[in-house]
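Visitor: First, the structure itself, so that you have it in front of you.
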Amino acid sequence: MSRVTAPRLRWSVAAAVALAGVFVLGVTSVHFALPGSTVALWWPAAGLAVSFLLATNPGPRRSAVFVLGVLVSSAAANLVGGRPAWVSILYGVANAAEVALVHGLLTARGRRPRLASMDDLWRLIAATVTGAAVIGVLAGLTAHYVLGGDFLDSASAAAFSHGAAVLVMAPLGIAAGIRRTRRPEVEDLVQWVVVVGVTAWVFHLDQSLPLAFLPIPGLVWGALRLGLRTVAAQLLVVGVVAVTMTSVGGGPFATAAQVGGIPPETVGALTQAFLATAAVTTLSLAVATTQRRAALAELRSEVELSGVVLDTAASAIIVVDASGTIARLNATAARLLGAPEDAPEDAPEDALVGRPAAEVFPVDDPQEVRTRMAEIADGTVPLRNEQDWRVEGLGVRHMVWTNAYLTDDDGRRTHLVKTGVDVTDERAARTFVEAVLEAATATAIIGTDLDGVITLFNRGAETVLGWRAAEVVGIRDWSLLHDPADVERRAAELGLDPGFGVLVHRLRGGAATETRDWTYVRKDGTRRTVSLTMSGIRDESGRLTGYLGVAEDVTRRRQAEVALQVALDRERQAVEELTALDRTKSDFVSSVSHELRTPLASVLGYAEMLEDGAAGDLTERQLELVGRVDRNGRRLLSLIEDLLLNSRIEAGRLRLEPRRCDLSDVVASAWTSVATVTSQRELARDIDVSPRPLWVEGDPAALERMVTNLLSNAVKFTPDGGRVSLAAHPDDRDPGTVRLVVSDSGMGIPPADHERVFARFFRSSAANERAIQGSGLGLSIVRAIAEGHGGSVAVESAPDAGSTFTVTLPVAPATAVPVSGSGGPAPERGVSDIS
Ligand code: ADP
């Protein structure tokens, strides 16, 4: 027979063959009809037609074509079998109707025909009985009205013969569509031999014993052990043998007819009843066995599955029965409980099964466990509880248990299923984090979900903001804690609507953190400035799940910064004012000095004229007084010159008029003028000037002023009896420079003051104490002039050991043209400040 998936042609050929079979079987059945019976003893043609449709399960159109074929074949068979044409046609219609009905019922609503459950078997029996009833009624009517036979006899005979045939043969059609699940073994062969042999023996011609029941055990054997296919095939064989042999007078039923005078219809009915019984019995057994096997296999795999699930579960699972005894537990639970020493290595949990939970649970108070377990039957064990377990090698583990009951059919609680999770590490981590959060009392740590609803509010946040965590967690939009004006300003900057989005705009844009100052509004309405660092909270897969803000109250710091800024501004303003004042003062000093210089020069000129006798000869006393006027006048002039120079230097406007000149001349001139002014002093004086010219590129007046200042200091700070020397030579170590050395044996300068003496207005305390006159400007002018010539000045001195001032100046290049304006640093040329 062809399968449903076979190509169209193959199905058509198979259908044609089947219809030919229907015809042949029909002819044979009519031929083998018991003498005197209007209907055949057995109608296997119906079984074959139904079988074929069930095995190939074609679509509605093909089924219809095939049913039509059944009509034609059956009618033809009846006709050929010698029945009148009308009868044959009506029987053909009745056959076709039966086949269509049975097949239709078994495949209603697109169902595939199967025999996997008792429901399927019931459906087959019901369809068969319905089909048999239909053929019975139709055949009975035909026999009664056309042939003049008894309706009931014909109807029942037809119903039985068809019903039995369909019941015996349809399973084979269904089984053909089922995949073979086992290979045939020796047992199959033996069983086949037994069934066929016994059936043949029971129905053989000489058999007169009523042994019709004998083939049943063989069929049952097949049903229990060899499966549906074998049973279906054997039912057909038994049917064929029984019917054939009965119709030729063999077997118990035919014998009964001969011996007991039973009418042929009854013999037929008996044979069909025998076949129907055999079919129903063995089929139901076969189906039940198959179903049981499938159920067992399912159960086994389910048990295996639940075993695997239990053993791979990370949670500890323990099943305790109502007496408090462990009934089952998984590997995780066994690990935590610690297997007893005698436990088998591969399944340590087995050794724990059957022991009281109170004995094996590693808790400090077994009595509590015992009490709990006694409550199983009452159902009062809490659905969730926590316990500390002392686990060997792991220390104290904190277990959280979820409990559920198992009940029996009567609803009694028989077991408690405990599922436990070890939360020790998690709790420790959580405690640590909580401790950290709580310890940060000065820092507000606020967590939010993605929408800004607060999820975390630590102690610091409570302190900074004045809200309790319970008042804000889960309820308040975080942006509400901010000064609305602040948020609005920032929103405007970012071009957003005011709200939480303003705070996390950068983070949403991908930044890791963002820190900026915000104003928080405390619960009492006061405002605090905080420096808030926002960052995103991400889960293990990197997905953003919320935000964390860490805020520090910087109100004081910001206030201090503002105060400092104000102070700095004030300071700057003061400095500017002082600088302006200083400039005014310098300008004033400068102009006063300038104004003093001309009349003083005139005074000195007149004094000189008097000394020279322009007003007649002066007496000794007069000469002495005029000499004093002259000396003091010169000192005053020198002071005025210093003040004027200082003003220039201060303003950066020192003008020099450099030209090639011989330093020896300058030195000699200065020496003479100082000597004149200090002629009354008792000092030893040495001058040692190089016999060769000391060419320098310089302003002679400025250089003379420099030497004069050094010499007058030496004289000033050296008491009478001391020595003042002046030397000017080319530098031995550096041929490019000349050295001018002014030294004295005076009071000296402490090393701490060596640098300060060149500062403007610096006067040593010793100079002040001893009332040595001076302005504190001399050395600053010396340094400005030395440096203005590209040279430098240095001091070597110690208290009471004299001082040596050394000026180093660059030698003028040999080719230099001795004209003004070559190489001086003066910004303006031609007019020297020093005259
Ligand atoms: P002034 O001589 O008018 O006080 P200076 O600028 O010339 O101002 O000198 C500054 C200070 O340096 C002097 O007050 C003095 O203390 C110290 N000083 C300068 N030259 C000598 C020196 N030759 N010996 C000792 N101290 C000196």
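Cβ coordinates come from backbone N, Cα and C, glycine included.
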Visitor: According to TrEMBL, which listed range is transmembrane segment: 269-290, 423-444?
Guide: 269-290
Visitor: How about the transmembrane segment (189-205) and the transmembrane segment (159-177): at least 3 CB pairs under 8 Å, pairs 6 or more apart in sequence, or not?
Guide: no
Visitor: Which stretch, 63-80, 121-147, 159-177, 211-228, tops the Cβ pairs under 8 Å count with the transmembrane segment (235-257)?
Guide: 159-177
Visitor: Of the residues in the domain 'PAC' (514-566), how many are helix, strand and coil by DSSP?
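Guide: The composition, in the requested order, is 12 helix, 30 strand, 11 coil.
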